[in-house]
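See below for the structure under consideration.
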Amino acid sequence: MGEGLSVETEGKRDFISREIEVFQTEAEDLARKHKMSPESKKLFNVLILGVSFMFIFTAFQTCGNIAQTVITNLNSTDFHGSGYTSMSIIYGVFSASNLFSPSVVAIVGPQLSMVVSGLFYSLYIAVFIQPSTWSFYTASVFIGIAAAVLWTAQGNCLTVNSDENSIGRNSGVFWALLQSSLFFGNLYIYFAWQGKTYITESDRRTVFIALTVISLVGTVLFFLIRKQEDTKAPGEADSTNEIPGESSSAQNKMTKAVDAFKRSVKLSFTKEILLLSVTTAYTGLELTFFSGVYGTCIGAVNRFGGDEKSLIGLSGIFIGVGEILGGGIFGLLSKNNRFGRNPVVMLGIIIHFIAFYLIFINMPNDAPIAPMEGTDGVAYMIPSKEVAIFCSFLLGLGDSCFNTQLLSILGFLYSEDSAPAFAIFKFVQSICAAVAYFYSNYFLLQWQLLIMVIVGFFGTITFFAVEWKAATLRARGSEYSSI
């Protein structure tokens, strides 16, 4: 009887074991069928990266576009902040923080770096729900630090998920998704603020609660970025290009941080980085102009009738249309890039020079620093809404020309040092943006346009010099070794 039970028990055990083995085999087969190829996974990561940034910057760029106008309407209360000063603080701290952001990304990993940074972006936007001067400027400092980490991690993530053949396409796809953020938030501003000459407390709270939630959605999406398989040989170091960062000892992480900082310093003094810094400086100046100053100018022109406040939103929409169009077109054209990046950058500077000329003759000279009552001034023509919005489109299109090509050339030249290279790029861009936001409090429109024309001219020439070297490297089929 006991032997019979034993045989029966063993039979059941064998049956269960066989069933488990069959289930495991079927599960493994199913996993293999649905497993993404390495290229599909990389493209998926780039798309998630772009969509996450689209949500966060739908909130942040809309916030930046309307901040000075909202604050002007607040200055009759206990709040006495300045949107220009806040942005100057943000970009000033941003630039300084780029000195250590590669170390942070090396220790924490790019994925977690972007998540934490996204939370600080949401915090800054939430300050406008019930603003006070001290919290406004304090949040400006924190978001400056977060921005440095966010953009360094973004550059690292984009480079890890690209190769020499796909970096141009991926840069264009990311840029188009990122800049579509200008469309959605500003579309709401256009319709919600139509006919308004004063922004009420209810208007302000409704907008900024919605923007805070949108920013948080983008932050959560970073968790969907998939880790790349480790394809390096055993013992081969990879200090910055891990998504997310592998667990390691505290000593190893500190070594990574120090190495990342040393590479950043060393890269800063290479010929290519110094030349590209002039181009990057221009992108910082024009970033300030189209994202903060130009919308304020439009909102200050009384001759636009009762539509000047809603036109701020429409301006942001057309900047976004230009950015998306440029990112999409230049991303597709990168597949057939026998002419290199120079023609795109040349197109960008021509578009911007046309925009600057039209703005110069259309907008009153005192528009950037006009009081809450606005300005009744006239430039060289009666201010035209159509010309103003067309210039918004040109500003966005020209900006996409420069930024897609800068992302592309940095990813190509510094594929092995992506985090330090992108940190230097953002350091230069942000410090110039900070300077531009500072002088925007004082300079008339004509002087701001003249500064951009001069720096843009020299920035185009220096980009050409670096691209000619990159073209030579491509022709030789050699890999660039930065250090």
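Backbone N, Cα and C atoms are what each Cβ position is placed from, and that goes for glycine too.
What TrEMBL lists as transmembrane segment is 43-61, 81-100, 112-129, 135-153, 173-193, 205-225, 273-291, 311-332, 344-363, 445-466.
Between the transmembrane segment (445-466) and the transmembrane segment (173-193), the number of CB pairs under 8 angstroms, six or more residues apart, is fewer than three, so the stretches are not in contact.
Beyond the transmembrane segment (43-61), the same-chain residues lying 6 or more positions past its ends with a Cβ under 8 Å from any Cβ of the stretch are 36, 114, 118, 121-122, 124-125, 154, 157-158, 161-162, 170, 173-174, 176-178, 180-182, 184-185, 211-212, 214-215, 217-219, 221-222, 224-226, 228, 243, 291, 316.
Proximity of distant same-chain residues to the transmembrane segment (135-153), defined by a Cβ-Cβ separation under 8 Å and at least 6 residues beyond the stretch ends, is recorded for 79, 81, 85-87, 89-98, 101-102, 104-105, 110-111, 113-114, 116-121, 123-124, 127-128, 419, 422-423, 426-427, 430. Within the same chain, residues 61, 64-65, 87, 91, 267, 319, 345, 352, 392, 395-396, 398-399, 402-403, 406, 409-410, 421, 424-425, 428-433, 436-437, 440, 448, 451-452, 455-456, 458-460, 462-463, 465-466 sit at least 6 positions outside the transmembrane segment (273-291) and bring their C-beta atoms closer than 8 Å to a C-beta of that stretch. Beyond the ends of the transmembrane segment (81-100), by six or more residues, the same chain brings 64, 67-71, 74, 131, 133, 136-137, 140-141, 143-145, 147-149, 152, 261, 264, 284, 288, 292-293, 296, 423-424, 426-428, 430-431, 433-435, 437-438, 440-441 to within a C-beta distance below 8 angstroms of the stretch.
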